[in-house]
Every structure is written in C-alpha cells, then in structure tokens.
Amino acid sequence: MSAIDLSSDGSRTARGIAFRYLFTLCALLSILTTVAIVLTLLLDAVDFFAAVSPIEFLFGTRWSPTNDPVAFGVLPLISGTLTITVGAAAIALPIGLLTAIYLSEYASSRRRAYLKPALEVLAGVPTVVYGYFALVYVTPALDAIPFVELSTFNALSASIMVGIMIIPMVSSISEDAMSAVPDSLRQASYGLGATKFTVSTSVVVPAALSGIFSSFILALSRAIGETMIVAIAAGQTPKLIDLTDPAGLFLESVQTMTAAMVQIGTNDVVGQSIAYKSLFAVGLTLFVITFAMNLVSEYVASRYREVYQ
Amino acid sequence: MAAETGDQTVDERESEFGQISRTKDVAFRWLTLAAALVGILSLAILLAYVTVDAVGWLDWQFLTSAPHPNPFEAGIFPALIGSIALMLLIALVTFPLGVGAAIYLEEYASDGPLTTFIQINIANLAGVPSVVYGLLGLGLFVSLIGFGFGTLLVAAFTVALLILPIVIISAQEAIRAVPDSQRQASYGMGATKWQTIRNVVLPRAMPGILTGTILALGRAIGETAPLIMIGAPTTVFGVPNSLLSKVSAMPMQIYTWARYPETEFQYGVVAAGVVTLLVVLLSINSVAILIRNHYQHDQ
C-alpha cells in the first residue's frame with residue numbers, strides 16, 4: 001500500500017459496490033461466528049448456573065453429571081486436563097524447541113525442505129487416529145516395561161500422543177522467530193570465537209524468546225482443547241490430583257473437560273436436563289481458557305515482531 | 001549460508017580457545033537432529049503397525065459394506081460416502097466465504113482498528129477447540145434453527161465454520177503474494193478495483209488459494225468431536241440421500257469401532273478404517289501439492 005493508490009474506489013459500477021459489500025459481509029461473518037459461539041455457550045450456561053451455583057461448579061470436587069447422586073464440580077476435569085497438558089508439554093516443548101533450533105541453525109536448506117513438510121504431517125493426522133494409536137499400540141508397549149502398572153485407559157499414553165501432535169506447532173512458530181533474528185547478531189558472536197552451540201543457545205534462543213513463548217502458549221492451548229485422543233485413550237474417570245502422588249495420575253484413567261463433553265454428547269442425555277446444560281458450562285470454561293491463552297500468545301508474538309522490523 | 005562460514009572459522013581457531021568444547025557442539029547438533037526426527041519416526045512406526053494390522057481386513061468387501069456387529073462382515077461404505085459428501089458441502093460453503101473475506105481484508109480494508117480486530121478475531125477462531133464448534137453447531141443449527149440432530153446439513157455447516165479461519169488465512173497469504181505492480185498496471189489502464197481483482201489478482205492467487213483450501217478440507221475430513229456434539233449417529237447403515245438425512249463420517253466410525261472390546265475390531269477392522277481414512281487424506285493432500293507444484297513450474 002506504499003505505492004500511490006491509483007484504484008478507483010469501485011463506485012464507478014454498481015457491480016463494484018455490490019461486490020465490495022459482499023466481501024465485507026464475508027469478513028464480518030468471522031466476528032458473527034465469535035458472537036454466536038459466545039451466545040450459544042452463554043445462553044445454556046446461564047440456565048445451568050440457575051440450577052447449579054457457580055461456586056459449586058468451580059470449586060466442587062466431584063463430577064458426576066448422569067449418575068446419582070449427580071454432582072457438577074469441574075475441578076476433577078480441570079485436574080485431568082492439567083495432567084494431560086503437563087505430560088504433553090514435557091514431550092512437545094523440549095522436542096519442538098530443539099527441532100526449531102535444528103531447522104533454523106543447523107539444517108541445510110535442502111534438508112529443511114524435506115523436514116518441514118514431514119513435521120507438518122504430524123499436525124495433519126486426524127486426532128481420532130492418534131487416539132487409536134495411543135490405546136492400541138502405545139499403552140501395551142508402555143505396559144510391557146517392567147514395574148510400570150498401567151490402566152488400559154491412562155493419562156500417560158494419551159499425553160504422549162497429544163505431545164507428538166503439537167510438536168509442529170512449537171517447532172514451526174519457534175523456527176519463524178529464530179529465522180527472524182538478524183544474522184548480524186550471529187556473525188558478531190562467531191567473530192568472538194563462539195561455537196554454533198553457544199550461538200544457538202546464548203544468542204539466537206534468547207533473541208527469539210517472545211516468539212518461542214508464544215509458540216509454547218499456543219501449543220498448550222491446543223493440548224487443553226484436544227478432544228479425541230483423550231476421549232479414546234485417557235478414559236472417562238473424573239479424578240482429582242492426589243497431592244501426595246501427583247505423578248501417579250499418569251498411570252491411571254483420567255477425564256479431561258473435553259472428554260467429559262464427548263461422554264455427555266454420546267450419552268443421548270435429554271435436551272433440557274441439567275446434564276445437557278452442563279455441556280455448555282464446561283464448554284464455556286474451556287472456551288474462556290483457550291481464548292485467553294490464544295490472546296496472550298498473540299500479544300507476546302506481536303511484541304516480538306516490533307523489535308526486528 | 002553465513003552460518004557455515006562461521007563454523008569454519010570456529011574450526012580453524014579451535015586450538016586457540018581452550019574453553020570451546022567441540023564435543024559439546026557436535027553432541028548438541030546430534031541432539032537437535034534427533035529431536036527433529038523423534039515425532040516423524042514415532043509416527044512412521046505407528047503407521048507401519050497399523051498398516052500391517054490392516055492387511056487382510058482392508059479389502060473390497062470392507063470398502064463396500066455397511067457396519068456390522070460381526071467384524072468379518074463390517075464395512076465402512078456409508079461412512080466413506082458420508083465423509084465425501086460432507087467434504088463437498090464444506091468446500092461449497094467455505095470456498096466463497098473464505099475467499100470473499102480474504103479479498104476484503106487484503107484489497108478493500110484500510111489499516112484501522114476494525115481490520116486489526118477482524119484479524120485478531122480470525123486468528124483466535126483458528127485456535128478455538130473443535131469440540132466448542134460442536135457446541136456452536138448444537139446450539140445454533142440444531143436447537144435454534146432446527147435442522148435436526150446429526151444431519152448432513154448441520155455437520156457440514158459446523159465443520160465449515162471450524163475450518164473457515166484456516167481458509168481465510170491461507171487465501172490472504174496467496175492474495176498478498178501477488179505483486180503490487182500488477183495491480184498498479186491494471187489501474188493504470190483504467191480498470192476498476194473489481195476488474196483488477198477479478199482479472200489480475202484472483203487468477204494469480206488462485207493456485208495458492210486452492211492449495212490452502214484443499215489442505216483445510218483435509219483437516220475437515222478428520223474432525224470427529226464436532227460431529228459427536230451435533231449428535232451424528234454412531235452407526236449409519238445407508239448413504240445420505242438428502243441434506244437432512246443423518247450422516248456418519250469415517251472418523252466417527254473409527255471412534256465407534258475403537259470402543260468395541262473384540263480383538264478383531266481393535267486390531268483388524270479399526271486398523272482397516274484408519275488406513276482408509278489416511279489414504280483418502282493423503283490423496284487430498286497430494287492434489288493440493290500437485291496444484292502448487294504445477295503452478296510453481298509455470299511461473
């Protein structure tokens with residue numbers, strides 16, 4: 001847009017005006033979608049909170065939407081979601097970051113041309129397939145390790161699969177940030193006699209830190225919202241973290257917020273029941289958490305963009 | 001390239017700098033390479049396992065039969081047709097809407113707070129969990145408008161809204177890649193904005209737009225959670241014959257089968273379903289890559 005704008009404003013023809021409005025409408029549809037999401041979630045969630053107090057929902061320690069006695073405490077679901085997210089982060093953040101360093105600092109352009117699309121495939125595999133892999137191949141393989149007592153449905157294999165799925169999110173956004181680090185910084189460092197290891201870890205990574213953080217937050221947000229892997233492989237046992245043995249949760253079946261939604265969704269609960277309405281309350285909680293994380297990620301990334309442009 | 005030069009300098013001077021550890025440098029290089037391969041290799045191993053398990057199960061009978069409680073007679077036909085029908089409908093909805101929004105944002109919108117707001121909003125929509133889109137479909141299309149639980153129309157609209165942000169973002173990139181000089185040349189010849197978009201910008205951007213849309217459709221075909229939320233039936237025995245008939249899709253069918261306890265289902269029928277889904281996905285993505293390569297060579 002820096003060049004002189006020679007375009008006529010489209011007012012020359014009625015057709016030009018019509019298309020202009022049509023395209024504007026298409027763009028506004030995205031805002032409408034957001035509004036529709038918030039409204040549909042809120043409308044039914046408000047009904048839900050009329051029957052169950054928000055305090056009971058947010059701080060209750062038991063989740064049992066359909067079995068008597070019914071209870072709608074979301075904490076066990078958040079606990080399950082946290083378990084999966086921590087497990088996935090332990091896999092995806094270090095591996096994704098190291099991958100980004102390799103792609104940006106070490107790989108030849110030819111090798112990068114093969115590796116990048118190959119990594120993207122990880123994110124393109126349908127999550128239902130990952131869930132099946134976790135249940136049928138990963139769990140038995142982990143169970144074969146001596147002294148590991150795994151439940152058929154467990155948080156460990158589910159979080160490993162979620163971790164593998166989000167590696168490309170971390171690696172591609174982090175790599176973009178690292179590639180944007182000016183070459184003069186690297187050259188200055190090499191001029192001082194630094195090795196590539198030092199340049200990568202002490203110059204490039206710190207300089208790209210905001211982009212890397214942004215990729216971390218986005219990947220975690222994706223892990224929190226991931227549904228099919230956890231619904232298939234992590235099971236449906238809402239469980240609160242045992243503070244004396246927090247790692248023990250990985251070996252057992254847990255239920256995440258998303259898996260709880262799938263369970264209610266497949267159980268043919270009656271349209272106007274509280275269980276049905278709880279779907280929207282959990283959905284609203286999930287939406288608020290992930291939306292906030294995406295906004296933070298956007299904000300962190302935009303701060304970094306200003307530095308080098 | 002500059003980095004390579006740096007590496008050589010380091011090698012030559014290594015003896016003079018006692019604190020520089022060459023072993024650490026080499027070890028780190030291998031560590032990063034290993035990290036880059038971990039995900040790809042694990043996926044390759046899992047794919048090898050599922051392909052081996054699918055052998056003997058993935059045959060013509062499987063592709064052309066309806067689901068059946070007996071694993072030896074079970075097939076994926078209704079779900080396969082359902083997935084294809086869904087994909088065509090989703091393409092019909094998202095392509096014009098996505099391209100329209102991208103044209104507005106790239107060609108018409110001025111750099112103002114409204115444009116920034118729309119952009120941030122689209123980026124955020126791309127990160128909303130798919131299960132939440134399912135609730136949107138349930139609340140909006142099923143409850144409010146009343147298109148019925150699990151119908152083809154509801155499923156298509158819901159998943160279309162889900163992939164729309166991805167289509168918009170990739171179409172924007174394709175339109176942005178058209179050199180501004182070409183627009184200016186068109187205006188210089190007296191063309192209006194719309195004529196310029198139709199005759200200059202869109203033809204140039206179309207390969208990129210198509211590639212992005214097809215890749216997004218590939219994502220759409222794997223979506224399961226939204227279908228569960230809008231009440232898509234777990235098992236459908238017939239192919240959809242109207243917009244309001246109940247529809248199943250391949251991932252939905254796989255999810256259902258994966259929960260059956262029998263080994264024949266776990267390691268046979270589901271494996272065959274997974275391979276079918278991945279083959280369809282792979283074919284879709286190859287079409288996208290072919291389109292991209294074709295036009296890259298032309299230009």
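Note: Cβ is positioned from N, Cα and C throughout, glycine not excepted.
TrEMBL labels come from automatic prediction, so no person has curated them.
Within the same chain, residues 57, 72, 274, 276-281, 283-284, 287 sit at least 6 positions outside the transmembrane segment (A:21-50) and bring their C-beta atoms closer than 8 Å to a C-beta of that stretch. Sequence annotations record features per position, and here TrEMBL assigns transmembrane segment to A:21-50 (among others).
What TrEMBL records for A:70-103 (among others) is transmembrane segment.
For A:78-297, the entry in TrEMBL reads domain 'ABC transmembrane type-1'.
Marked as transmembrane segment by TrEMBL: A:115-135 (among others).
For A:155-173 (among others), the entry in TrEMBL reads transmembrane segment.
Sequence-remote contacts of a segment are chain residues at least 6 beyond its ends whose Cβ falls under 8 Å from one of its Cβ atoms, and for the transmembrane segment (A:194-220) they are 85, 88-89, 92-93, 96-97, 100-101, 104-106, 166, 169-174, 176-178, 180-181, 185-186, 293-294, 296-298, 300-301, 303-304, 307. Taken from TrEMBL, the feature transmembrane segment applies to A:194-220 (among others).
TrEMBL lists A:274-296 (among others) with the feature transmembrane segment.
It is A:155-173 that, among the stretches A:115-135, A:155-173, A:274-296, forms the most Cβ pairs under 8 Å with the transmembrane segment (A:70-103).
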